[in-house]
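Visitor: Below you will find the structure I want to go over with you.
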Amino acid sequence: MAILVTGGAGYIGSHTVVELLNVGKEVVVLDNLCNSSPKSLERVKQITGKEAKFYEGDILDRALLQKIFAENEINSVIHFAGLKAVGESVQKPTEYYMNNVAGTLVLIQEMKKAGVWNFVFSSSATVYGDPKIIPITEDCEVGGTTNPYGTSKYMVEQILRDTAKAEPKFSMTILRYFNPVGAHESGLIGEDPNGIPNNLLPYISQVAIGKLAQLSVFGSDYDTHDGTGVRDYIHVVDLAVGHLKALQRHENDAGLHIYNLGTGHGYSVLDMVKAFEKANNITIAYKLVERRSGDIATCYSDPSLAAKELGWVAERGLEKMMQDTWNWQKNNPKGYRD
């Protein structure tokens, strides 16, 4: 039996495909390549010595989904596909709702028709909005989202919650993760944003390699220890392992299951700059600029439920995150376009 990974050519998706192939799973990838590259899957093959079957296309394409379910014996879906930039979502809300919400609805409907009942959803800490309690536990209030990206994730969570109640065959696992960083230690796959990066670590590493002149630090007047935003940064390989653990724990385990995937530690933007400089012996030029719309001051997790129920704990620390980020960037200065 195979696992369908939507968005499997993307940053988190490709790292998860590596973990699945490494434990002998058969993997089918669907990706429209709007913010990813097919080269990532070639690199996955280099790392694992195994190949994922690839379909280029969109989760909104019912006919293609029907073809995939007909041609492959799929028993589980891990759903990464979607648009993911907070700032862009404020400018393009309808695109985000169409891709992230309508796309997931189509996928769930076609899974049901095909009799595929195991679903792992790539959600986000943004569903917590501006959190009232830190660290954030899974039972903290959701829905007070501050941008359309977060709202789209929250809406999908509600759809999954209602679907799990209405259709008892479904095993729905929601993984709310915090800020993925780093890259595979081989340096073969990593985060490869189009244009100016929206995420911090690619931005820092592109300054380090000389691709960008300096880092823009969005907001220096937050109520944090140094005025810059505090986040829970998690190594992408730890995150990928979390998906595998969730799949193994809840395969054919009907109902709704929700977990935070994070380290439980918060670091500011300037903490991250200093950590990168220290780990890689490089100076990063930066400037303090205005806050970015939709951003909040502080967000980090309590990941103890995942430890208790999934046996999952983030193992890779800040230094490893920085070293692996730089190893990927210096070996691939233009990302997958090299």
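A Cβ is built for glycine as well, from the same backbone N, Cα and C atoms used for every other residue.
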Visitor: For the substrate site that Swiss-Prot gives with S124, Y149, N199, L200, S216, V217, F218, R231, R292, S293, G294, D295, which of N179, N252, N280 also belongs there?
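Guide: Only hit among N179, N252, N280 in Swiss-Prot's substrate site, alongside S124, Y149, N199, L200, S216, V217, F218, R231, R292, S293, G294, D295: N179.
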Visitor: Hey, how far is L200 (substrate binding site) from Y149 (active site, proton acceptor), Cα to Cα, in Å?
Guide: 17
Visitor: Name the residue among the binding-site residues N32, N35, N179, S293 whose Cβ has the smallest number of other Cβ atoms within 10 Å.
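Guide: Relative to the other binding-site residues in N32, N35, N179, S293, S293 has the fewest Cβ atoms within 10 Å.
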Visitor: Helix, strand or coil at R231 (substrate binding site), per DSSP?
Guide: strand
Visitor: Just checking: which of Y11, N32, N35, G82, Y149 have a Cα that is within 10 Å of the Cα of N179 (substrate binding site), counting only these recorded positions?
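Guide: Neighbours among recorded positions: none.
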Visitor: Select the closest residue to R231 (substrate binding site) from the following binding-site residues, measuring between CA atoms: N32, I59, G82, K153.
Guide: K153
Visitor: Which whole number of Å gives the largest C-alpha distance between any two of S124, Y149, N179, N199, L200, S216, V217, F218, R231, R292, S293, G294, D295, the residues noted as binding substrate?
Guide: 24
Visitor: Give me the Cα-Cα distance between N32 (NAD(+) binding site) and Y149 (active site, proton acceptor), rounded to a whole Å.
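Guide: Between the alpha carbons of N32 (NAD(+) binding site) and Y149 (active site, proton acceptor) there are 19 Å.
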